[in-house]
């Protein structure tokens, strides 16, 4: 047990401090913005301090553990802890949420509620990544859905209510399977119902039962990741949501699905995972090709970026299915890498929309001349998205490739076939990325003539873009920033598998 409750403070602070926003004066937008940003900064500094001074990198076990009795009736505990798998997503959450609150500066309608919902979402996400009790994980998973639904339905495009309803139907449907899986695992292990992660990891289940649990958890995480064919909420949601909400969705929300797959499906249910992993591999390769070939057909800029997210999630799925140290490390690196790149692309798409008020790519063109800074940043992040060497996306995809090639589970021919199909997907990625840049920034359209209302990015937007760009370059140059966090934990997870 940790003496000082670092994690409880980190989880509770945003929603607790955020509740005071509702008492701030109604007209004081500036006060509300600064208050929210200060809370996010304080939270990020607290998290960084706790991890720098109280987290040992070479220890693969759970650290900063807090374990309090909550409900005696069925041994439900408030149990939090951090290990090498969850430290990356927690820091990513803090970083992206702080920048998303800065990106939400222009929001003036109901800004008190908007900023409170962002902070409530922050608490739910950090709680999901750090909970060590299955029911607590489920509660945090659900807590984070309510703010997202309200953010989607109240701020965004004309069809925002439709996309918010679609989002909540998909995710609530997935959550039913998650709850069934959590209760099944908790009740079937022994005479005493136990929802503790540590005891569940050491349980052995009959194979048929483990497969049923695996499918239940998989459906819940497949909606969130998203995995084909449960991905259709994503383009609609991203197409309509406000861009600061999009940053949180692309940067953190999707990563919760990948985190759940590794944390529960791989760690708790290793036998079922080794049975299903070839199918995951096939679905992952289909997803890369499908999304990369669907993306060029999208007229809406944000929908095109959303399909690129679906394509990148295929790499995470393949890394998880490879059951190798290298592949799983590559998947974790891709989780962090895409968190930065996806958030930045949606932010830049949103700031461009604020200026030119156009959504469809075929109506744009020639925007590079009046907005050179936005053009430069957009081009840079598009290159990062198509895995240009020297950027984080390239390292992550190469490590996933190596993970498949070195996997002991698959025969040579299937490995060659999967690698070949993935390579085709990597060729399709530049096609939609570069055509998006060409349609938006080049050519001759209305924006070649000087306009009073089309102006370049200001210091706030430039600060957000550069803040995200630095870690993308940093991880691309020196991936051990992220890999050193997870490498021991990955070895621990894979020690449960037979062939190594």
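Just so it is clear, glycine is given a Cβ too, placed from its N, Cα and C backbone atoms.
As annotated by Swiss-Prot, transmembrane segment applies to 4-24, 37-57, 87-107, 113-130, 134-154, 167-187, 207-227, 242-262, 305-325, 330-350, 386-406, 416-436 (among others).
The transmembrane segment (242-262) makes contact with the transmembrane segment (87-107), as judged by at least three Cβ pairs under 8 Å among residues 6 or more apart in sequence. Two recorded stretches are said to be in contact when at least 3 C-beta pairs lie under 8 angstroms, sequence spacing 6 or more; the transmembrane segment (37-57) and the transmembrane segment (305-325) fall short of this definition.
Taking every recorded stretch in 4-24, 87-107, 113-130, 134-154, 416-436 and counting its Cβ pairs under 8 Å to the transmembrane segment (330-350), the highest total belongs to 87-107.
Against the transmembrane segment (305-325), stretch 416-436 has more CB pairs under 8 A than any other of 4-24, 113-130, 207-227, 416-436. When Cβ-Cβ distances below 8 Å are used as the criterion, the transmembrane segment (416-436) is approached by residues 281-282, 285, 288-289, 292-293, 295-296, 301, 304-305, 307-308, 311, 314-315, 318, 361, 382-383, 385-387, 397, 401, 404-405, 410 of the same chain, each at least six residues removed from its ends.
If you look at the transmembrane segment (113-130), the same-chain residues 6 or more away from its ends with a CB under 8 A from one of its CBs are 7, 10-15, 17-19, 21-22, 32-33, 35-36, 39-40, 43, 47, 80-82, 86, 89-90, 93-94, 97, 100-101, 104, 107, 136-137, 139-141, 143-148, 150-151, 154-155, 244, 248, 252-253, 256, 259.
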